[in-house]
Amino acid sequence: MSIKNIKGYAWIVIVLSSFLLFYKYIALVFPSLIAGDIKLHFGINSAQMGFLSAVFLYCVLFIQPFAGLLLDRFGCRNVSTVSLLISAFGVLLFAASNHIAFAFIGRLMMGLGVAFATVSYMKAAATWFDEKGFSVASSLLLTAAMAGAVVGQAPLSALFNSVGWQEGLYYCAIIGVVFAIVYWLIVRDDPEEGHANLAEEQAAQNEQKNILKMIKKVISSRNNWLLMAYSGLIFTTIDAFGGLWGNSFFVQKYALTTTQASYFISCIFIGMGIGAPIMGKLSVKIRCVPIMFCCTLIGFVSLLAILYLHLNTTLLVIACLVYGIVTSSFMLVFVVGRKVNPLWVMATAVALINTGEPIFGGTFEGLVGMILDHLQPDVLGANYSVSSYEVAFSILPGSIILALLTLCFVRERKH
């Protein structure tokens, strides 16, 4: 019997595809645990540290459009296996580096590899599920990603404290190689008997699977550009705060250890993991744009509380959880993208929409570092004052306001 005929095989594909997202967010957030150590190890300042972290996102940005095209042409199995191996070897190189140039190359390799993660997952979900099933499967994308982000906080911090950050990253590299092998052995690209939506699209796919036609179809949609801008402006706050500077901020503001601070950052990611399936269920019954608008407003208020109020432990946990839950609504851009784009360009459309994160996330990570260096140029490690962090983080609520304005122009109509 073909492996594709195993009952529930579509969900096996989704679970294995989710590991790429899991690995992506471990790679994205681990610098936040060791920002001070990395600065001292390589002798760099905060602006350079911000760029070292953000180069991961810049690489995702440049590779993302090609990721969609490659996945549409060659399928998830081949492309995703190779991409996971590249990312794992990037982690290995970063850990082994004693010179900043090799660390940059390692970080670039991480970004190159994981640039395929989101697009591969959404391509698999669109291929193996009908539209209703796609809403549920796509909502789990963020759960998988945030599971990686959570593991990349307290558990990874404990590992770094136990064996050192370099040896800890060696273990992460080995895990990446193992899962690449498992993915290759199990995942297949297409159902033997497709669902109705897939069957309808395959004739068009055979005739129209041309790179220039794919690109023209995707970039001619105003909705795709608006969805890209919205998702990038929203997720910027997660990249810049949760992915790099938030741990150091909590350490200074509440006199915590790095491991203790990582628990609060983890609450944001846990909230996103909890919120994503809820948003997916809601999107089946309610239009996506109103959900995103209301959640973004709540996220704006909760982020202000996290940044500028001195909360007790309970309230800080609640604020971080709420912020994570409502911010998870950003993933509905992919549900809207599924509605406004035909299946034969789905991976290419997802790639365009998903470039918002590296564009804005990479920019804002570096901007926060530059502002911190400008305010306190002589600080070693990440020991900036709370007031300096608060000034630097002021660009993040502004990003949410821009996201709200962008959302007002999105039109949620089926292609």
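Backbone N, Cα and C atoms are what each Cβ position is placed from, and that goes for glycine too.
Annotated in TrEMBL:
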type	residues	note
TRANSMEM	9-30	transmembrane segment
DOMAIN	10-415	domain 'Major facilitator superfamily (MFS) profile'
TRANSMEM	50-71	transmembrane segment
TRANSMEM	78-96	transmembrane segment
TRANSMEM	102-122	transmembrane segment
TRANSMEM	134-156	transmembrane segment
TRANSMEM	168-187	transmembrane segment
TRANSMEM	225-246	transmembrane segment
TRANSMEM	261-279	transmembrane segment
TRANSMEM	291-309	transmembrane segment
TRANSMEM	315-336	transmembrane segment
TRANSMEM	343-371	transmembrane segment
TRANSMEM	391-410	transmembrane segment
Q: With a Cβ cut-off under 8 Å, give me the same-chain residues at least six positions beyond the ends of the transmembrane segment (315-336) that come close to it.
A: 122, 134-135, 138-139, 141-142, 146, 223, 227-228, 230-231, 234-235, 237-238, 254, 264-265, 267-276, 278-280, 283, 288-289, 291-292, 295-296, 298-299, 302-303, 305-306, 350, 353, 410, 412
(Q) Assess whether the transmembrane segment (225-246) lies in contact with the transmembrane segment (102-122), where contact requires at least three Cβ pairs under 8 Å among residues 6 or more apart in sequence. (A) no
Q. So which residues does the transmembrane segment (78-96) touch in its own chain, when a touch means Cβ under 8 Å and the partner is 6 or more beyond its ends?
A. 17, 19-20, 23-24, 27, 67, 70-71, 102-103, 105-117, 120, 165-170, 172-177, 179-180, 183-184, 187
